[in-house]
Amino acid sequence: MNAAQDVRPGAAHCVLVINTGSSSIKYQLLEPDSADVRASGQVSRIGEPVGDDTVTIEHHGAHGTSEHRGAIPDHGTGLRLAFELFARDGTDLVTAGLRAVGHRVVHGGEIFYRPTVITDAVVATIDELSTLAPLHNPPNVAGIRYARALLPDVPQVAVFDTAFFHGLPDAAKTYAIDAHIAAAHGIRRYGFHGTSHEYVSGRVAEVLGRDPAALRQIVLHLGNGASASAIRGGRAVDTSMGLTPLEGLVMGTRSGDIDPGIIAHLARTADMDVEASYEMLNRNSGLEGLAGVNDFRALQAAIEAGDRRARLAYDVYVHRLRRYIGAYLIELGGADAITFTAGVGENSPALRADALRGLESFGIAVDSLRNTAKSRAARLISPEGAAVSVLVVPTDEELAIARAAAVLVG
Ligand code: ADP
């Protein structure tokens, strides 16, 4: 959201959405009914040694873009400084009359499967769920704690990435491992990016003018992280991510599906313990591991320049994606809609075309003019009259979180 001139002032009735990562805080202030974005920004490189000149907060408000430069030692300092940029831009969040603060929380475990008003007990439980999401829940908890301290009178709501997949059928959510061990340790497929899959599948029904209850959908959320879901009648029946966001599709730095035997093999033969393998699978695999770049645009540029590793990485990415599309077509008994979303899904016509190439006999095709048209709107890219609607729908997790929070606090 860079178009500062589009930002209208005022925060009354708005929701502040906060998405805290290990070294970043993304935030957006928006009016949930109109979807009007009043301000947005990002705190970056939290806890990293950076020069005094390095921009670590970029804030887009009613009066343009402002910045903070220099090191941000911790999440609390980052959020406080972001609040100062709000104030300098004319919005004092403490007195603004905010409706709620909505927090993106990655793992809700078996416990949280709806948006939940945050209390001390809720924070403690989200913290306990860190064993299931050690990279994600601890920063989420930090964001919640600091936001509650800064805005003690504003209701705060947690919206969980896992919630949409809570009701996965048993056959889809169960790993075929020792059932006693699985039960004792909460091991099941939880799924992630649920807020996006739910929001996008709802938008698909709107765009097609169809009742969501009547639709069989495949949603492909392809960003830095990537996941696919199969949705029948508005309910998720399968998804590619599992106990953690590591399973499934090839991602920027994550491997997606592998033979778990690789971990044992590396422990025995390469002196790599479990933590070293976990680190490799999360941070140095996927596109990064295969081609040395995690960004899809950089990958495409490398392919253009004739880099064969980049070409292979792309082919592996597409191969995995098509495997999931095929699986979900069978699970759903055919699809009414296949939808691309998130950074890669929304912006790469080449990837969309390759993902669905040669599927005409299944009623699936991409119209090349529609696919390459420059547009940021939700739109159809299949030919007129095709049996399966193929769409591009921009995701908007912030809006979905803001709306969920607003509904909950009334
Ligand atoms: P996140 O998972 O961090 O929310 P995004 O949904 O923003 O990620 O997706 C980021 C990915 O989208 C990056 O790999 C980026 O290269 C890719 N991307 C963004 N714009 C384009 C584009 N025009 N063409 C191809 N890929 C793009």
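Placement of Cβ uses the backbone N, Cα and C atoms for every residue, glycine included.
Under the heading Mg(2+) binding site, TrEMBL lists Asn19, Glu397. In this structure, Asn19 (Mg(2+) binding site) is part of a beta strand by DSSP.
Per TrEMBL, the feature ATP binding site maps to Lys26, His221, Leu222, Gly223, Asn224, Gly225, Asp295, Phe296, Arg297, Gly343, Val344, Gly345, Glu346, Asn347. Using a 10 Å radius centred on the Cβ of Lys26 (ATP binding site) and all shown protein chains, the other Cβ atoms total 18.
As annotated by TrEMBL, substrate binding site applies to Arg104. Around Arg104 (substrate binding site), the same-chain residues at least 6 positions away in sequence with a Cβ under 8 Å from its Cβ are Val17, Ile18, Asn19, Thr20, Asn140, Val159, Asp161, Thr195, Glu397, Ile401.
The active site, proton donor/acceptor annotation in TrEMBL covers Asp161. Following the DSSP three-state reduction, the secondary structure of Asp161 (active site, proton donor/acceptor) is coil.
If you look up TrEMBL, you'll see His193 (among others) marked as site 'Transition state stabilizer'. Classification of His193 (site 'Transition state stabilizer') by DSSP places it in coil, neither helical nor stranded. Within 10 Å of the C-beta of His193 (site 'Transition state stabilizer') we count 29 further C-beta atoms, all protein chains included.
According to TrEMBL, the feature site 'Transition state stabilizer' maps to Arg254 (among others). Sequence-distant neighbours of Arg254 (site 'Transition state stabilizer') (same chain, six or more apart, CB under 8 Å from its CB) are Gly225, Pro245, Leu246, Leu281, Asn282, Ser285, Gly286, listed in sequence order.
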Of Asp161, Asn224, Arg297, recorded positions neighbouring ligand 1, Cβ under 6 A: Asn224, Arg297
Helix, strand or coil at Asp295 (ATP binding site) [DSSP, three-state]: coil
Lys26 (ATP binding site) - helix vs strand vs coil (DSSP): strand
Alpha-carbon distance [Leu222 (ATP binding site); His193 (site 'Transition state stabilizer')] in Å: 10
